[in-house]
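Swiss-Prot lists Gly68, Pro69, Glu70, Ser71, Ser72, Gly73, Lys74, Thr75 with the feature ATP binding site, giving sequence analysis as the kind of evidence.
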Amino acid sequence: MAITPEKEKALAATMAQIDRKFGKGSIMKMGEASSRLAIEAIPTGSIALDIALGIGGVPRGRVVEIFGPESSGKTTLAQHIIAEAQKMGGVCAFIDAEHAFDPVYAARCGVNIDDLLVSQPDTGEQALEICEMLVRSNAIDVIVIDSVAALVPRAEIEGEMGDSMPGMQARLMSQALRKLSGAISKSRTVVIFINQLRMKIGVMFGSPETTTGGQALKFYASVRLDIRRVETLKQGQEAIGSRVRVKVIKNKVAPPFRQAEFDILANEGISREGNIIDIGTELGIIRKSGAWFYLGEDRLGQGRENVREFLKNNPALTDEIERLIKAQALTNPTVIAPSVDVGDDDAIFEE
C-alpha cells in the first residue's frame, strides 16, 4: 500500500526534527544509506581464516573476541590483524593489560612497531577508558585488548589479597561494552578482545570451559574465534611451531561455524606460504603428484617445506596464487572452510 501524502509530510517533519535534535544522520531510510551497508573487512593474515569468516577478514566497526587455551596463538593472530591493517595505511593500538607485549616477536609478525600505539594500563577501568577515547577519536583502525582476564577492577587492586569481589569484572565489562558499542560502530574501528579460558567447577554434562569477564562480551561480539593448537610442528627433534585450528563460533556478518587451519612458526608467526600451499592444493590450483608440487605445468618443488621456501623467495608468484585462491574460494567458502558441529550445551557457546 502506497504511503499517503499526509503520512509522507508527517514523516518528513518528524525525521527533520530528529535530525535537528540528535544530529544529521540520526535516522534515515536504508536506501539512502546503501553505501554504509557494505561491510568492510581487515584481513587476518591467514587466507584460510579470511575465507572462513566469509567477508575476507574481521569486520570494521565491530567487536571481535579471540579466545583459547594458553599458547594457542591468540596474540599472534591479533598481531597479524594489526600488521594487515597497517599495510592498508591504518593506525593501530595495543592495550597490553597483561604487561607481556613482545615488540621483537610483533615485528616478526609484520607489525610496524614504530607506528604502533602501545598502552600498559594499571587497572581495568583505565584500559577501557583509554580504549573508549581511542575509539571516539575516529582515527584508529584496530584496537587490541590483551587480555580480558587481566582487566582487573581498581577496587580489587586497592583491596587486600584474598578479598572476595564476585562479579566485579563482569560488571565492569558490561558497563564498558554498553558505552563502547555505539561508538565502535560509528568509528569503523575493529576492537579485538583477547580472552582466556577457565574451568567451571562441578559441570557433569557438556564442556566445563568458559571465558572470563561474564556474559556481556559474548552478546556484544559480532565475531567470536576459538583458536586451539592441534599439532606441534617439528624439524627433526626441534619444535619450530604449531598447527592451529580456528573455529568461527559466532558470526553476525556471514554464516558461522566454519573452521580454518594454518601453521604458526616460532620465528615468523602465521605461515602465509604454508597456508597458500594447503588451500591451493585443496582447490586444485596447485597440483600434487607424489612429493612434487606443480602450478599448471611448472614444477614448484619437492616436499611442502621446500615449496614453502620457494614461494617465500618468489613473492610475485605467491601473490598471483593467492589472487587465484581468493577469486575461487570467496565465492564458495564451504569448499575449504567446512561448517563444524557445536554442541548446544557447550558452555563456550552459551549466549
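Any Cβ shown, glycine's included, is placed from N, Cα and C.
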For Glu70 (ATP binding site), which residues in the same chain are close in space, meaning a Cβ under 8 Å from its Cβ, but six or more apart along the sequence? Gln196
Which three-state DSSP class does Thr75 (ATP binding site) fall into? helix
Binding-site residues considered: Ser71, Ser72, Thr75; fewest surrounding Cβ atoms within 10 Å belongs to Ser71
Suppose we draw a 10 Å sphere around the Cβ of Pro69 (ATP binding site). How many other Cβ atoms does it contain, all chains included? 14
Given a separation of at least six residues and a C-beta threshold under 8 Å, show me what packs close to Gly68 (ATP binding site) in the same chain. Lys74, Leu197, Asp226, Ile227, Arg228
Same chain, |i - j| six or more, Cβ under 8 Å of Gly73 (ATP binding site); the result in sequence order is Ile227, Arg229, Ser242, Val244, Ile264
What count of other C-beta atoms do you get within 10 angstroms of the C-beta of Lys74 (ATP binding site), across all chains shown? 23
